[in-house]
Every structure is written in structure tokens, then in C-alpha cells.
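Pulled from TrEMBL, these are the features on record:
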{"type": "DOMAIN", "residues": "5-119", "note": "domain 'Response regulatory'"}
{"type": "MOD_RES", "residues": "D54", "note": "4-aspartylphosphate"}
Amino acid sequence: MKKPTVLIIEDDASLRRVLEFSLEESGYRVLTAESGEAGLDLFRSEGPSLVITDIAMPGISGYEVLKVVKEESPDTVVVVITAFGSVEKAVEAMKLGAYDYLTKPFGRDELRLVVAKALDFRGLQAENARLREVLNDRVDFSHIV
């Protein structure tokens with residue numbers, strides 16, 4: 001089975017490396033970017049299953065990354081990272097389509113749990129879409145009043 005690809009967009013190099021190591025250790029294929037611009041380039045070229053982005057970054061913010069990802073690939077799951085005490089920012093991101101958020105500082109277990117849940121959700125979305133197609137192919141609803 002193919003490993004899910006996770007894209008991490010984080011301007012803090014040390015946190016980016018820790019996230020990368022933790023997720024690779026869990027068996028994911030991990031791509032990293034230090035800015036929103038670089039992250040969107042990787043997103044477009046690699047088509048990751050999950051994007052994890054910091055909200056507060058110089059240049060293109062995590063909000064902008066989230067908007068672009070959701071416009072270009074609505075099925076891609078996005079998790080945002082926010083600073084401690086910035087729950088309002090996380091709520092705003094959820095309204096824009098983020099699946100979940102992580103508040104700094106967070107532990108490896110929390111990271112792995114959120115990533116696993118997000119990827120499970122993406123799998124359920126894909127299965128739901130596939131089953132709808134099968135159902136539409138088998139049943140003709142045009143005669144229902």
C-alpha cells in the first residue's frame with residue numbers, strides 16, 4: 001500500500017524538522033516547505049493527501065494556503081498550527097475549511113493522532129464519493145416523484 005503524503009509548511013526550521021521526523025517515523029511520506037509560496041508549489045506538484053500549515057508565516061499566510069488548497073483541491077485535508085492562546089485564529093481557519101488545528105506547543109502523540117484522524121477522514125470522503133458513483137450508476141432516480 002502506498003504511504004500517504006503529508007506536506008508540512010512551517011517557517012520555524014527546528015519545528016519543521018521535528019514534525020518531519022515524527023511523521024516519517026510513523027510511516028508517512030513527508031514533504032516540507034519553509035514558506036507558503038514554496039508550500040503551494042509543492043502542493044501543486046506533489047498532490048499530498050494532507051497539508052499541515054502554520055497560520056502565522058511571513059509572505060503567504062496559512063490562511064491563504066488553506067484557501068488556495070481548498071479552491072484547487074477540495075478533498076485535500078488541511079490541519080493548521082496556531083500559537084498558544086490563538087484559538088480564535090484556529091476557529092477562523094476551521095470556518096475556511098481546515099479539518100483540525102494544533103496549538104503550540106503540542107506533543108508527538110497529539111500530532112500523530114490528529115494526522116491519523118485527518119487521513120482517516122480523507123479516506124472516508126473518497127469511499128463515500130466512490131459509493132455514490134456506484135449507486136448513481138446502478139439506480140435511476142429520474143422516475144421518483
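Cβ from N, Cα, C; glycine included.
Computed from a predicted structure; not experimentally measured.
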Under DSSP, the domain 'Response regulatory' (5-119) has how many residues in helix, strand and coil?
56 helix, 25 strand, 34 coil
Same chain only, sequence gap of 6 or more: which residues have a CB within under 8 Å of the CB of D54 (4-aspartylphosphate)?
I9, E10, D11, D12, G62, V80, I81, T82
